[in-house]
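For reference, the structure is listed below as structure tokens.
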Amino acid sequence: MAFFLHRYTDMQELRLTGALCLGAEALSIGLATGLCIGFLRLICGWTPHLLAGLLHAPLPAPLTFLCAGLFIGLCACTAFWCMKKEPLVAGSGIPQVECALAGVLPLPWLRVLLCKFLGTLASLCGCLSLGRAAPSVQMGAAIGCGVGALWHNEDLRPRFLAGGSAAGLAAAFGAPWAGIVFAFEELRVPAHAALVLFMTLASGSAWLVTDCLLDLGLIFPLPLSCTTLPSLAELVAHFETDFLHEEALLLIPLCGLVTGLVCGLHNRCLCALVLWTDRHMGARTRLACAFATGLALLFLFPALIDGLGPTLQDLVHGPESTDLLLLLFAGKLLFNWISAASNAPGGLLMPLLTAGGLCGVCMGALLELAHWTVPGSLPVIFCMAGFFAGIVRAPVTAALLVVECTGTWAGLPALLATSFLARLVAGKTGALPVFTFFRLRLTGRLH
């Protein structure tokens with residue numbers, strides 16, 4: 001009850017805060033978050049080149065394996081140290097932010113920020129199939145708390161948590177609108193005009209840093225992508241040309257149904273594996289197993305390591321056989337589960353978008369075998385949105401996120417339809433939304 005009273009007084013304070021002060025707080029959160037997450041994205045972008053250079057170095061195979069093993073072992077030790085130093089940085093970080101917003105958990109902002117940054121970097125460099133987006137939400141929330149401490153006091157004020165979370169997702173994906181909607185749809189932030197303005201300023205300024213200052217570009221550039229925001233006339237023309245034809249309209253229910261069913265199975269398998277490791281493995285063992293799997297795949301199947309395999313753009317019109325594409329998709333899902341069950345600092349959002357894209361590539365290849373010709377990018381973007389909506393159960397965020405990550409602005413209506421259908425089908429399977437499961441597990445209400 002005290003927290004809800006505190007939230008109410010925070011909303012009152014938002015109404016009374018001057019526009020200049022409100023804007024300064026939001027811009028401070030957005031700029032700081034954009035710089036932090038942009039720096040993380042730059043480092044993670046260099047890592048695959050280092051690993052590829054090591055794999056192709058003119059060294060004896062045992063020496064190459066030893067060097068890679070030492071590097072990944074160092075990453076594993078670093079991730080474990082960060083988790084031991086601050087237990088709140090384990091996993092994706094979004095359930096921790098949800099619990100902080102609900103007043104269930106504290107958020108020591110400086111320790112969380114430093115340990116989450118270092119732990120996520122160690123997990124991503126250590127070849128785990130984890131992402132930076134969910135950790136960016138937690139780091140953004142921590143930065144928001146830090147800015148709030150500078151302006152007010154050490155209390156967890158919802159607007160700083162919400163503004164930082166929105167800025168974190170915006171900086172991680174280059175998706176400011178998805179960041180704002182995610183805060184309302186998944187984090188259940190109370191809707192209030194001043195709070196919407198606050199999050200818009202924070203999210204927009206974080207996006208300006210990553211996309212305009214650092215020029216990091218689209219996350220998933222595809223043949224249908226637009227690198228700049230098109231005009232209304234261009235949007236209508238692209239929509240009529242690319243999305244308003246029989247093949248595309250039939251793809252919407254097909255992709256929504258398939259991704260919804262696959263996502264229900266995905267969440268059930270992931271939850272079962274996490275609960276099994278909770279019962280039978282200690283923290284060191286589960287972490288060691290995940291990093292050892294990453295080391296093995298680095299040499300045996302490097303296409304499953306992010307940054308070393310073919311991109312979605314390569315696969316859309318690539319020469320790969322359908323069998324290889326299905327193997328890539330199944331291997332990606334399995335490695336995602338192993339990495340998530342390790343509880344290492346790192347997120348699920350980027351891997352699930354990649355898995356959704358692979359599902360779309362496989363679907364396009366199977367449809368081609370059935371002599372049903374569709375533009376190669378359409379199943380990819382539809383399945384990406386369906387995967388996010390089915391696993392997270394946030395359909396509006398899913399559609400906006402895919403639009404902003406791929407630049408397919410004209411496809412927003414079709415992506416919304418696919419996302420809502422996938423969410424409905426996944427819900428009918430009885431599987432919990434992934435972050436709901438991890439939140440219940442974090443608060444001890446799930447065993």
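Every residue gets a Cβ built from N, Cα and C, even glycine.
Taken verbatim from TrEMBL:
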type     : residues : note
TRANSMEM : 20-43    : transmembrane segment
TRANSMEM : 63-83    : transmembrane segment
TRANSMEM : 160-184  : transmembrane segment
TRANSMEM : 190-209  : transmembrane segment
TRANSMEM : 216-237  : transmembrane segment
TRANSMEM : 249-275  : transmembrane segment
TRANSMEM : 287-304  : transmembrane segment
TRANSMEM : 324-341  : transmembrane segment
TRANSMEM : 348-367  : transmembrane segment
TRANSMEM : 379-403  : transmembrane segment
TRANSMEM : 415-438  : transmembrane segment
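In summary, the transmembrane segment (324-341) lies against the transmembrane segment (249-275): three or more C-beta pairs, each 6 or more positions apart in sequence, are under 8 Å. Counting Cβ pairs closer than 8 Å and at least 6 residues apart in sequence, the transmembrane segment (415-438) and the transmembrane segment (20-43) reach fewer than three and form no contact. When Cβ-Cβ distances below 8 Å are used as the criterion, the transmembrane segment (63-83) is approached by residues 51, 54-55, 57, 89-90, 115-116, 118-119, 122-123, 125-127, 283-284, 287-288, 291, 294-295, 298-299, 343-345 of the same chain, each at least six residues removed from its ends. Here the transmembrane segment (379-403) does not lie next to the transmembrane segment (287-304) in space: the count of CB pairs under 8 Å, restricted to residues six or more apart, is fewer than 3.
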